[in-house]
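Novice: Got these off TrEMBL a minute ago, pasting:
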BINDING   B:Asp7, B:Ser8, B:Tyr39, B:Gly40, B:Asn71, B:Thr72, B:Thr181, B:His182  substrate binding site
ACT_SITE  B:Cys70  active site, proton donor/acceptor
ACT_SITE  B:Cys180  active site, proton donor/acceptor
There are 2 protein chains.
Amino acid sequence: MSIGIFDSGLGGLTVLKEVRKIFPNEEIFYFGDTARVPYGEKTKELIIRYSKEITDFLLTKNINVLVVACNTATALALEELKAVYDIPVIGVIEAGVRSALSVTKTNEIGVIGTKATINSEKYKQEIHRRNKDIVVYQKACPLFVHVVEEGLLDGEIIESIIKHYLGDFDDKVDTLILGCTHYPLLKKEIQKIYPDLNLIDPAMETALDLKKVLTENNAAENKGGHVKFYVSDGVQNFRNIGSMFLDEEIEDIELIKL
Amino acid sequence: MSIGIFDSGLGGLTVLKEVRKIFPNEEIFYFGDTARVPYGEKTKELIIRYSKEITDFLLTKNINVLVVACNTATALALEELKAVYDIPVIGVIEAGVRSALSVTKTNEIGVIGTKATINSEKYKQEIHRRNKDIVVYQKACPLFVHVVEEGLLDGEIIESIIKHYLGDFDDKVDTLILGCTHYPLLKKEIQKIYPDLNLIDPAMETALDLKKVLTENNAAENKGGHVKFYVSDGVQNFRNIGSMFLDEEIEDIELIKL
């Protein structure tokens, strides 16, 4: 079994990290679309087109299962990918929702993500599909991605941006879904400002979804645990900053023109 | 004479605005590469590739002169475009430098821009080509673009980000080149915090460069002053936010797949 994982860039490495913990011996192909990052403000049509281009590429590596490790691509392209391709396709939204529902006590859940993710209402729909009684508050936080990519993970700037976005609704919810793979890097700072909030990172739960799929297909096997990375721009930058997300050196990496 | 103008997205509209003031009757084709914005953190190879794709497209509209209304594309792709294409190609960097040199009294000039622009050192080289005695301080300010695109043009967040980037060197220079077409929208707020700084917006001077080229070629003519817009994603968003940059309604706009 070979696992394909893709994201608009670096963020999906937080998902890869969890997958690696459960499957240290599987062969994994990771694609980061660094030429066209960020996805969060693109249209649905364009995100579907880019997601298909990447999936077509990963299929040439004979992947048997695909993880869409990007909330925006999951929100806007997952249905299309599932309809078009024969292999199992796993997104991050179901995992995040399941996790949040198991934790909330007040039945009031907050969701933060990119503009495209929030406008799609996919998190809200998935929450209500499972439990109609949950009150959902949503907020797009487009600056978070850029602040994380700048490495400004603490200090005055990120503090004022967190308060700007979350000040409105922190007293309304007891649980907050970090609906963008960049946001877990802000977990510590958000928790410092809002210590009572349950913060949900869908990455770990997504890895468990993958485990379920592999178990159902009796497909887990020892392929030596090699991870091959592909990016569409900036190999050196991905190698440097990627290790911050992954907590592991990024070695075998190749530039792909899409 | 038909004028082609391109930018990674919306920012170049600040240049178009100045060009329209001088040439209200020329036919203009504007391309905003909104699918692949921002350019500021991409590699030189990729920015050259994108710039050529756009220029090739604009040439199918029979443009006679090209304005690269993007500092990053000017810094990394202007030389290549000049070498490859037969029509005159005008960037924004020479204009900004000329303007700054005419204003500085202390011979200490600051330059701010995207990571790619600053790393290219093109502003510094152009300043020293004209005057070796100028001391140049440079700083990449990647968050500015995103804050402008979010419309956060005043308030606590932008104030702390301005101080974060400019706090280091505001007392060292008397003149600051806004080396990214987004930054003029922050002019008021920067000026509020640093009232003594001369802020240089290359847009106006770029329009004068264009005038010079058209005059040399006796090429100015009345073609009715129509502006045709092309974008690679998000027509509606460009129409809405674009008017903020342009101070004019954006009417004739078309989606182009690149």
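Including glycine, each Cβ sits where the backbone N, Cα and C put it.
On this model, are these features tucked inside or out on the surface, and what's nearby?
Specialist: In the three-state DSSP reading, B:Thr72 (substrate binding site) counts as helix.
Residue density at B:Cys70 (active site, proton donor/acceptor): 35 other Cβ atoms are found within 10 A of its Cβ, drawing on all protein chains shown.
Counting only same-chain residues six or more apart in sequence, the Cβ atoms lying under 8 angstroms from the Cβ of B:Cys180 (active site, proton donor/acceptor) belong to B:Gly11, B:Gly40, B:Asn71, B:Thr72, B:Ile112, B:Gly113, B:Thr114, B:Thr117, B:Cys141, B:Phe144, B:Val145. DSSP classifies B:Cys180 (active site, proton donor/acceptor) as coil under the three-state reduction.
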Novice: Taking the Cα atoms as reference points, how far is B:His182 (substrate binding site) from B:Cys70 (active site, proton donor/acceptor) in Å?
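Specialist: B:Cys70 (active site, proton donor/acceptor) has its Cα 9 Å from the Cα of B:His182 (substrate binding site).
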Novice: When you tally the Cβ atoms that lie within 10 Å of each candidate's Cβ, which of the binding-site residues (B:Ser8, B:Asn71, B:Thr72, B:Thr181) has the highest tally?
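Specialist: Of the binding-site residues B:Ser8, B:Asn71, B:Thr72, B:Thr181, the highest Cβ count within 10 Å belongs to B:Asn71.
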Novice: Restricting to the record's substrate-binding residues (B:Asp7, B:Ser8, B:Tyr39, B:Gly40, B:Asn71, B:Thr72, B:Thr181, B:His182), give me the longest CA-CA distance in Å as a whole number.
Specialist: 12
